[in-house]
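The domain 'C2' annotation in TrEMBL covers 1-107, 176-296, 340-459, 506-629. Here TrEMBL flags 762-786, 874-903 as transmembrane segment.
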Amino acid sequence: MNNLKLGVEVVSAHDLVSKDGQGSSTTYVELHFDDQRFRTTTKDKDLSPVWNESFYFNITDPTKLSSLTLEAYIYHYNKTNGSKVLLGKVRLTGASFVPYSDAALLHYPLEKKNVFSRSKGEIDAKPGVTFGMFEMKSSQAPPKVVQAFGGAQEFVVKEISPTLGGGKVVGGRVIRGNKAAPSSSYDLVEPMKYLFVRVVKARDLPSMDVTGSLDPYVEVKVGNFKGTTNHFEKNQNPEWNKVFAFAKENEQSFTLEVVVKDKDTILDDFVGTVVFDLHEVPERIPPDSPLAPQWYRIVNKNGEKKGELMLAVWYGTQADEAFQDAWHSDAVLSPDGSTISNYSQIRSKVYMSPRLWYVRVKVIEAQDLVSSDKSKVPDAYVKVQIGNQIMKTKPLRVAQPRWDQELLFVAAEPFEEPLVLTVEERVGGNKDETIGNVVIPISTIGRRVEDRPIRGRWYPLEKSMSSAMEDQGKKKEKDKDKFFSRIHVTLILDGGYHVLDESTYYSSDLRPTAKQLWKKPIGVLELGILNADLLPTKSRDGRGTADAYCVAKYGLKWVRTRTIVGNLNPKFHEQYTWEVYDTATVLTLGVFDNAQIHNSSNGTKDSKIGKVRIRISTLETGRVYTHSYPLLSLQNSGLKKSGEVHLAVRFSCTSMANMMAMYFKPHLPKMHYTKPLSIIDQERLRVQAVIIVASRLGRTEPPLRKEVVEYMSDTDSHLWSMRRSKANFNRLKEVFSFLACFGSWFGEIAKWKNSFVTVLVHIVYLMFVCFPELILPTMFLYMFVIGMWKWRFRPRNPPHMDAKLSCADITNPEEFDEEMDSFPTTKSSDIVRWRYDRLRSLAGKVQSVVGQIATQGERVHALLNWRDPRATSIFMVFCLVSAIMLYVTPPQMLFILGGFYLMRHPKLRGKTPGAPINFFRRLPALTDNML
């Protein structure tokens, strides 16, 4: 085995050509040697980047080393569309390779891309990249392992070209041979062949003991893969109706054995078998009707045929109707070949979120309240409860309290929890006593879809909860002459709202609750979950492994793939479809590790591997997007890439006119504008909605666990995070960066840095002032031209989570630990005190900035409020003179003089601030009145 390696140290580059249009470049180096290649990290906006990174190439044949070449390409990376631009290259022959002891740093000039490239002499110094090269024997210290194409490139979306639906994806279309493949209902995944065996029932099975009893079950076996049905006690004519699916790529035999056995406490008895030659098994292609099962005689050990077994055996794909509920050989076998007992935990399923309603409760007043102390008026308030949602009105100490207070709750169909109204009084010492209760089934509450008036109703208050839960009709008849305290409330189920059960930024559905308000869908979204490449999430039998499954959510529909057990490269190839009602929505897909079938490092909770979001409005209609998405997760130690998931996505539009018209319609249902909810109420109700959805989906089989629903719904997006605060501040700076760019450009114009450009700006400015009707047409034409220019560089990949935008690359572990902390905190008092002091320091800086902004605004107010009588007098005289001058002077002349004054030559400028600025800074603010 060869013991030589070629080591290359990429040190730095300098004076590179700018390619981003802003005077800089985002650069990285790509090394090629003997069909091997490596890539450095990417340096943002740096024309003289420094890497200091080492790479090691295998030398397969030392005798050919002198004939090999090492090529280093330096590229500019365009983050907008994922493209790269070659800045130059260096080519080194084998004669340049020296032993490690003779290695030295050398400077190499970059070669031009082609004849028409910019000359190197146009920059101050020759562009070059520095390398040190050496051979290294394996007996020396082992080289540092450098992952190829590492750094920031690990976190980007990459386009892939899988074979889907019998064809290869080229240019966003599925191609079969030289002809476009026709669209089918299952063309976004790779067809996976399965051997399906349906065990229906048996009859006339022979008994295996003297008692004449039989506890039969069936074992289906292909090579080392086997699956079993449940057993029946003392039944010679059992019925199972169970389907087994064996992956054809894992077939280890040419025969299929279906064995009937008798369950025994010590050793199961052999009853008989049916053997199939797999070459003779028919193939079924949907939409063909299911293959009809037929009776087969079973053969015992003596070759006798006793009893019959009804079976159906065929080859099919995952598009087969039997696939979803079948037992899967590639999903349920442990590494040791044993079958997993709780198979229900790994099946693929489709779930539907419950329909959510806002319950509006207005507590108006109460009458005839009786206090426990007859001598005083009760200090009463009303507690309203639906399930675990509790809200209270303000307390009032009056004889006939009137609150007129509205409270909002979330309820899900079918309505299981009643609405409970409890009137309580405060008796002191943090002690409350109940005056009366009302229990109202939510199903009896009226519904509305618009903001119409609601009629109130009086309800009698029962002292005990059991009496309050009696049927209202029977109670009214029984207690018609009895004295009651009573309460006046209005109740309604608001169906005109969309009940938010996920983060408002990543909503997958914006329809109102009431179905009569739903519009027709504008398109169809299809998702093909292909496969994944994962890092180990747990250890089993001394090796790293994962039990991965995917969950996707869009609208009310959740889908879950089957769990692939013990595989770091799971192949799912499952396809799902959703109707699209609004393009301003987001499809969310999460990858999880199943902790319900084996012990997990996360206890009984399914571990989060990563998440992908795809906004529908960023997808072109009809195009098939096949990409590899990095699975990123934030942990206490920092940002971690846990693997990649490969997806195929297609958005098809049913009506282009309806889709384009939708862009001019309200984003939310009408009720959100006619009777808007406060931000605080929206967030509180969203959290409650997620709790309800998680509770309902957790009662399905297999359950969609609480931690999965919360992760998919971003329940913790409202919590404090230093990282998010930095990211949002940087986003805000980026939004207004054009103002800084314009200010910098105008500063250069005003300083006459380039006389020709400044004179040209004077001419254009003079033309716009003289012909103002050209301003708006020129502005819109300019934006049109810019849009058409940027169309060439439009993103070709769906946007994905950006580590730099999220500030995940600059956040320290302590801030990550704070972000991962639970609420309320579980940290020690010292850590909490330190974080509180840090937050106080940050808040102090924000406080100072807010104070400065307020000061400038107060100075504007001081111009006319006579706090400084001399300043106000000067300003009033200025206003009077300006009014007279503006009355007699053409406005065009004023604009010309004002513009030319701002762009005057530096020789006509003073070195101190101008008179208007000095005057403004002397105006008083209210800081003198602050304590």
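The backbone N, Cα and C atoms fix where each Cβ goes, glycine too.
Mapped onto DSSP classes, the domain 'C2' (176-296) shows 6 helix, 54 strand, 61 coil.
Here the transmembrane segment (762-786) has long-range neighbours at 892, 895-896, 899-900, 903, meaning same-chain residues at least 6 beyond its ends whose C-beta is under 8 angstroms from one of its own. The helix, strand and coil residue counts that DSSP assigns across the domain 'C2' (506-629) are 7 helix, 64 strand, 53 coil. Summarised by DSSP class, the composition of the domain 'C2' (340-459) is 7 helix, 64 strand, 49 coil. Look at the domain 'C2' (1-107): DSSP puts its residues at 12 helix, 55 strand, 40 coil.
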